[in-house]
Amino acid sequence: MLKRSLAVALPAVLLLATGCANQSVGDSPAPSGAGAVAYPTKTLQIMAPAGAGGGWDTTARSMQKVLQDAGLLNGQSAEVRNVTGAAGTIGLAELVTSHQKDPHQLMVTGLVMVGGVVTNKSPVDLSKTTPIATLTAESEVIVVRSDSKYTTLKQLVDDVKANPTAVKWGGGSAGGTDQILVGLLAKTAGADAKTVAKQYVAYSGGGETKAALLSGDVSVAVSGTSEFADLVQSGKLRALAVSSPKGEDAGAGTPAPSIKESGYDLDLLNWRGVVAPPGLSAGDRAAVLKLVDDLHKSAQWKQELTAKKWQDFYKTGDEAAAFYQAESTRIKTVLTEIGLG
Amino acid sequence: MTAAMSPDPEVTPPEASTVAPEVAPSTSGATGPLAVGGLLLAVGAVLLWRAVAAGVDSGITLGGPTLAPIVVTGLWVAVALWYLLEAVRKRAVATGQPAAVAWRTPVLLLAALIGYAIVLKYTVVGYVLSTAVFVLISARLLSTRPVRAVIVRDLVTAVGLSLGIYLVFTRLLGIVLPAGVLPL
Amino acid sequence: MDLLSGFETVLSPQNLLYAAIGVTIGTLVGVLPGIGPALTIALLLPVALRLDDPTGTLIMFAGIYAGAMYGGSTTSILLNTPGESASVATSIEGYQMARRGRARSALATAAIGSFVAGTVSTVLLAFVAAPMASLAVTFRASDYFALAVLAMVTVTAMVGASLVRGLMSLTFGLFLGLIGIDSLTGQARFTFGVPELLDGVDIVTIIVGLFAIGETLYLASRLKTLPETVAPLEPAGKGFAWLSREDWSRSWRPWLRGTALGFPFGALPSGGAEIPTFMSYTLEKRRSKRPEEWGNGAIEGVAGPEAANNASFSGVLVPLLTLGIPTSATAAVMLAAFGYFDLSPGPQLFEKSPTLVWGLIASLFIGNVMLLALNLPMIRIWVKVLQIPRPLLYTGILVFATLGVYAVSGSVVDVLIAFAIGVVAVFMRHFEFPIAPVILGVILGPMMEIQFRRTLLLSDNDLTVFVRRPLTLVLLLLAVAALGLPHLPRLVARVRGRGDARRLAFGDED
């Protein structure tokens with residue numbers, strides 16, 4: 001699935017990249033060439049396009065910390081600023097309109113923003129930025145109460161296929177990663193995706209979702225794997241499947257199967273990455289790419305990944321650009337199909 | 001909403017100019033509530049119309065997202081109408097005029113606030129300088145004593161407050177505030 | 001026992017420090033006019049998030065709430081202008097006592113009464129919270145809807161002097177709550193094409209607008225009628241002889257009765273502490289054997305209301321922690337604080353973060369001890385605080401208000417929205433529309449709507465679910481009964497054959 005859309009997206013991205021390069025040669029001839037040595041030359045601004053405390057904010061602050069601790073900033077410092085609102089699309093719009101060609105402005109992004117662009121009908125999307133890299137990912141988990149009749153994902157999906165309204169799903173905000181996963185699963189399994197997605201009840205945060213699952217309001221819940229790990233471990237919930245390509249431990253001590261292993265050709269990760277403003281010169285882009293590459297290679301970053309329980313999910317440069325493009329296409333398609341686009 | 005929130009001096013009730021010598025301690029006058037009621041009703045009607053239009057566009061169902069806006073704005077219109085009727089009834093028996101209210105100071109203060117926010121975000125003046133200037137202006141507007149008597153106190157507060165906040169937020173808490181032209 | 005582990009949490013040096021900072025800031029804002037606990041907590045949110053310590057932060061916030069209750073009594077006794085609405089009842093007899101040279105006794109009965117009430121009510125909270133939380137585990141969407149209806153009815157029934165103005169405030173709040181993306185379908189409502197409105201209007205923005213900006217601009221329109229600095233009465237006397245034996249014997253019963261009123265009323269969505277303080281005042285006045293002293297400084301009139309307003313805080317925490325339902329403006333901001341830390345108050349909180357919950361409850365005991373030590377011996381410092389020149393105080397409030405909104409959102413649009421709400425608030429104050437129903441409308445409206453629609457979604461649009469589920473039905477019937485609540489004093493008075501009973505109504509910021 002992923003590879004297929006990647007193949008479709010790659011030519012488009014290459015076109016885009018060459019377009020960028022041409023434009024930048026014309027616009028700013030001075031620092032061209034790949035030998036960008038002195039970077040950053042002033043304070044590096046990392047924008048977290050959401051409020052303090054969330055995943056993007058944590059990612060931005062981890063980056064800031066590692067860049068400084070590992071001494072990668074050429075004697076400069078890094079600042080994190082928060083621009084909240086509308087699944088990050090307000091920050092995205094600011095990056096694209098106010099900071100063109102500025103290599104000292106980076107923004108954290110992720111799957112949620114890809115969805116937010118679609119659901120909020122944002123005029124600006126990630127293709128307007130200069131993609132730098134993806135950094136981390138977290139898997140999703142599908143759980144039921146331990147007294148549920150479902151013990152495998154297949155039983156659940158078979159029921160849903162037979163009667164799309166039979167199962168009520170709970171998870172995070174409308175159009176977010178959790179609902180996208182439900183829509184993709186229904187679509188991949190050949191169920192009526194639009195009707196299934198309508199049975200999805202949005203809750204604000206994992207605590208509310210847990211309460212709804214335990215009280216019996218919903219029969220299935222979808223969330224980030226770490227969110228439910230404690231209840232899976234205590235035996236109150238059963239993990240039916242995780243959304244990563246391979247099965248992983250969702251709290252029970254033994255690996256839960258992946259959706260793919262359960263027979264549905266689908267994986268979905270809640271990834272996070274970095275983008276730069278549009279119009280970067282080739283030299284600037286190379287310099288930013290090198291900085292993020294050094295960040296990723298550092299021992300301090302490995303420690304952050306372990307501490308925050310993030311999976312290492314590194315794609316850089318053209319590979320990252322192609323991935324952004326592929327995810328945008330896939331998410332837009334499914335959100336439109338389930339009526340949120 | 002935009003209408004309700006704009007500091008339009010036209011909708012300001014006329015008490016400010018017409019202060020009767022026999023001042024009653026009440027703050028709501030006779031014509032003020034009428035103007036407020038009319039404004040509330042107008043705003044409510046516009047909002048209700050928008051809510052109904054949105055409902056007609058995407059369908060009104062019991063479990064859908066368009067019902068609550070219609071209910072709330074409908075309630076708004078009903079309550080505003082009730083308020084207006086009470087105002088009309090009270091006007092008939094109104095005796096006193098409200099206490100003197102000077103609208104000039106709050107309007108100037110609001111202008112200073114808006115200017116402060118815009119300078120902060122869109123210029124290179126920076127946090128410390130713009131805050132210090134705002135403190136001076138605001139303290140002056142809110143004071144009833146002559147400048148000479150308070151200028152030293154105000155200056156010390158302006159510099160101390162702006163610099164103190166800036167240093168605590170940026171150095172201790174890691175919250176970014178625009179540094180601006182000062183070499184901080 | 002859970003509470004013991006809570007003490008273990010709170011007795012760490014770091015959390016003790018948080019509690020100390022909280023009660024000090026709380027006393028400060030309680031003493032100062034123009035800034036209350038809800039606004040303070042809203043302004044501290046960006047700072048708190050940076051500290052990245054949910055337990056410590058919430059301990060600090062609880063300290064602020066409790067401290068503001070203590071501090072408010074100081075201002076109302078020494079100055080006759082209550083710092084908080086919850087202290088209005090205290091000022092009636094308290095200021096009279098101060099004028100007659102008995103300021104120290106008034107301050108002492110207020111502080112010790114607050115301590116007694118705070119301690120007793122926290123014990124009640126500790127006993128009620130856990131069973132309540134395990135009951136709440138079984139609550140479904142329809143039950144939460146019924147609870148929201150019950151809360152809404154209580155709010156409406158107690159909107160104060162004028163029903164129509166209270167309803168208008170509530171409606172304005174309901175409208176503000178609608179702005180933004182509908183959380184169930186992702187559809188934008190009343191965003192007027194402004195992308196910053198897609199996430200709705202943040203509660204911090206609303207509180208800053210209503211309280212900080214609104215209050216300051218309102219004051220600016222009335223400068224001529226106000227003195228620039230105030231002259232509080234100095235409490236006379238030295239040493240530790242605060243309460244005479246007679247004062248003690250006249251105070252302890254009102255303390256306990258105040259506690260008994262404050263705790264349950266705090267748990268009701270009625271805007272916090274003002275109703276029980278007035279009920280306590282009325283109750284003590286009726287029971288008094290010395291009617292001639294009332295209006296001339298009766299110590300019971302300070303002891304009862306002060307106990308009631310402190311007890312109400314523990315009451316407020318019961319629905320907040322176990323159900324995620326805020327019953328006052330300050331509780332609404334605390335709910336927002338939980339949200340910022342990605343914690344949802346409710347039954348799950350007790351399972352997921354027992355350290356936080358029990359640490360918070362235990363911190364109330366510690367905070368009460370600290371407040372007693374902070375208030376009585378150091379009263380002179382707080383008197384000094386009262387003398388901050390008004391132009392500087394309000395300018396400071398404006399600076400912190402702008403900073404608070406800007407630091408949370410990073411967007412000047414949000415700051416301008418706060419100013420706009422502030423302008424509305426000026427007119428609300430000018431035309432005597434109450435402020436607190438706005439906050440409760442913003443919180444309760446979406447809660448009610450979303451739970452209603454969730455229920456329908458889960459039951460495939462079957463409306464009978466609201467009457468088929470017994471718990472839902474009971475709560476809805478309670479809501480009907482609550483319509484009569486504000487008339488309760490009048491009914492009681494009629495039964496007893498007295499006439500002067502006031503309607504119950506709640507105040508602005510507690």
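Just so you know, the numbers here start at 1 and follow the chain as drawn.
Any Cβ shown, glycine's included, is placed from N, Cα and C.
Here TrEMBL flags C:16-440 as domain 'DUF112'. According to TrEMBL, the feature transmembrane segment maps to C:16-45, C:106-132, C:144-163, C:170-188, C:200-220, C:316-341, C:356-376, C:397-427, C:433-450, C:471-488.
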Counting a contact as 3 or more Cβ pairs under 8 Å, with residues at least 6 apart in sequence, do the transmembrane segment (C:397-427) and the transmembrane segment (C:200-220) touch?
yes
Find the average pLDDT over the domain 'DUF112' (C:16-440) in the predicted model and report it.
82
Beyond the flanks of the transmembrane segment (C:16-45) by 6 or more, those residues with Cβ under 8 Å of it:
10, 53, 56-57, 59-75, 81, 83-84, 87, 203-204, 207-208, 211-212, 215-216, 219, 328-330, 332-334, 336-337, 340, 363, 366-367, 370-371, 374-375, 382, 385-386, 388, 393-394, 397, 400-401, 403-404, 408, 439, 509-510
So, does the transmembrane segment (C:106-132) come close enough to the transmembrane segment (C:356-376) to give 3+ Cβ pairs below 8 Å, pairs being at least 6 apart in sequence?
yes
Out of C:106-132, C:200-220, C:316-341, C:433-450, which stretch has the largest tally of CB pairs under 8 angstroms to the transmembrane segment (C:170-188)?
C:433-450
Name the range, of those listed as C:106-132, C:316-341, C:433-450, that has the largest tally of Cβ pairs under 8 Å with the transmembrane segment (C:200-220).
C:433-450
